Amino acid sequence: MSLQWTAVATFLYAEVFVVLLLCIPFISPKRWQKIFKSRLVELLVSYGNTFFVVLIVILVLLVIDAVREIRKYDDVTEKVNLQNNPGAMEHFHMKLFRAQRNLYIAGFSLLLSFLLRRLVTLISQQATLLASNEAFKKQAESASEAAKKYMEENDQLKKGAAVDGGKLDVGNAEVKLEEENRSLKADLQKLKDELASTKQKLEKAENQVLAMRKQSEGLTKEYDRLLEEHAKLQAAVDGPMDKKEE
């Protein structure tokens with residue numbers, strides 16, 4: 001394997017490791033959000049867009065080069081005279097195998113680049129929704145406590161007005177308290193609606209993250225299967241060549 005394909009394969013292994021790390025269930029999105037907001041990660045992200053575009057361009061060029069090599073060595077029977085070159089068939093099969101291997105490596109690297117970027121975005125969105133959900137819940141609890149407090153004060157004022165024998169204008173007090181109660185109830189209902197909307201968004205984000213995790217696990221299994229086929233084909237190619245050299 002040449003130096004450039006060794007670098008691409010190493011990058012692919014690193015991508016698989018990071019995807020598996022992000023899919024670990026016991027690390028919460030909030031903790032990942034703290035990591036993403038750290039100074040080191042923010043420094044990397046500041047140059048990340050340019051690096052990502054350059055990386056995508058390089059991987060696309062490598063995929064195109066691998067496809068070109070596959071088409072070049074695809075039909076060996078029409079390009080090689082097997083009677084005059086008995087060992088050429090094995091040579092062409094080896095070239096074709098390497099081109100296919102390079103296509104798999106570059107293709108999976110390109111796919112995991114988009115998958116990794118999308119997975120990080122979904123985790124950040126999920127952490128933001130969790131924080132918003134907690135904030136709305138606290139606001140709803142605060143509004144509920146305030147409403148209970150005003151209702152208790154309303155009852156106390158009614159009792160005080162009855163004891164004083166009409167010294168207080170009970171009608172005006174009741175009107176004011178009812179208006180305050182209606183206002184508090186409206187605020188409470190608004191907070192409940194916002195909390196329900198946030199919960200729906202959170203469930204949607206969690207479903208998207210779960211789908212991305214399942215997709216990444218499927219890609220990892222497929223890559224492991226291709227590695228096994230790679231090893232088998234490599235052994236099949238190296239065996240006849242070793243015998244030929246002997």
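Yeah, the Cβs are placed from backbone N, Cα and C, and that goes for glycine too.
As given in Swiss-Prot:
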{"type": "TOPO_DOM", "residues": "2-6", "note": "topological domain 'Lumenal'"}
{"type": "TRANSMEM", "residues": "7-27", "note": "transmembrane segment"}
{"type": "TRANSMEM", "residues": "44-64", "note": "transmembrane segment"}
{"type": "TOPO_DOM", "residues": "65-102", "note": "topological domain 'Lumenal'"}
{"type": "TRANSMEM", "residues": "103-123", "note": "transmembrane segment"}
{"type": "COILED", "residues": "165-237", "note": "coiled coil"}
{"type": "MOTIF", "residues": "243-246", "note": "motif 'Di-lysine motif'"}
(message) Which residues of the chain, 6 or more past the ends of the transmembrane segment (103-123), have a CB below 8 A from one of its CBs?
(response) 5, 8-9, 11-12, 15-16, 18-19, 22, 29, 32-33, 36, 52, 55-56, 59-60, 62-63, 66-67, 70, 205, 208-209, 212-213, 215-216, 219, 223, 226, 230
(request) Could you give the residue numbers and ranges of same-chain residues that sit at least 6 residues beyond the topological domain 'Lumenal' (2-6) on either side and whose C-beta is under 8 angstroms from one of its C-beta atoms? (result) 62, 102, 105
